[in-house]
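Single-structure report; data block below.
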Amino acid sequence: MRASLFIVIFVVSFITISCLSTDDEEARWIEKRGDCLPHLKLCKADKDCCSKKCKRRGTNPEKRCR
C-alpha cells in the first residue's frame with residue numbers, strides 16, 4: 001500500500017514537471033518567433049525572416065521573406 005502510494009506520487013509529479021517544461025519551451029518559441037518578419041516583408045538577411053528565407057525574386061531589386 002505504501003509503495004504504491006509513492007509510485008503514484010512519483011508518476012504524478014513527473015507528469016506535472018514534464019508538462020510545465022513543455023509550456024516553457026512553447027513560450028520561448030513564440031517569443032523568439034515575434035522577433036522575425038512574416039512572409040513577403042522586406043528583409044536583409046535569412047535570419048530576419050520567420051521562414052529563414054530572404055530572397056530576391058523577379059526584376060524587383062528588394063529582398064523579401066519567402
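Just so you know, glycine gets a Cβ as well, placed from its N, Cα and C.
Per Swiss-Prot, these features apply:
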type	residues	note
SIGNAL	1-21	signal peptide
DISULFID	Cys36-Cys50	disulfide bond
DISULFID	Cys43-Cys54	disulfide bond
DISULFID	Cys49-Cys65	disulfide bond
SITE	Arg64	site 'Essential for stimulation of [3H]ryanodine binding to RYR1'
SITE	Arg66	site 'Essential for stimulation of [3H]ryanodine binding to RYR1'
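Long-range Cβ contacts of Cys49 (disulfide bond) within its own chain (separation 6+, distance under 8 Å): Cys36, Leu37, Lys41, Cys43, Cys65, Arg66. If you draw a 10 Å sphere around the CB of Cys54 (disulfide bond), it holds 19 other CB atoms from the protein chains shown. The secondary structure of Cys65 (disulfide bond), as reduced to three states from DSSP, is extended strand. For Cys36 (disulfide bond), the Cβ neighbour count at a 10 Å cut-off comes to 15, with all displayed protein chains included. Counting only the Cα atoms, the space from Cys54 (disulfide bond) to Arg64 (site 'Essential for stimulation of [3H]ryanodine binding to RYR1') is about 5 angstrom.
The Cβ of Cys50 (disulfide bond) has 15 other Cβ atoms within 10 Å, all protein chains considered. Taking the Cα atom of each, Cys50 (disulfide bond) and Arg64 (site 'Essential for stimulation of [3H]ryanodine binding to RYR1') are about 11 angstrom apart.
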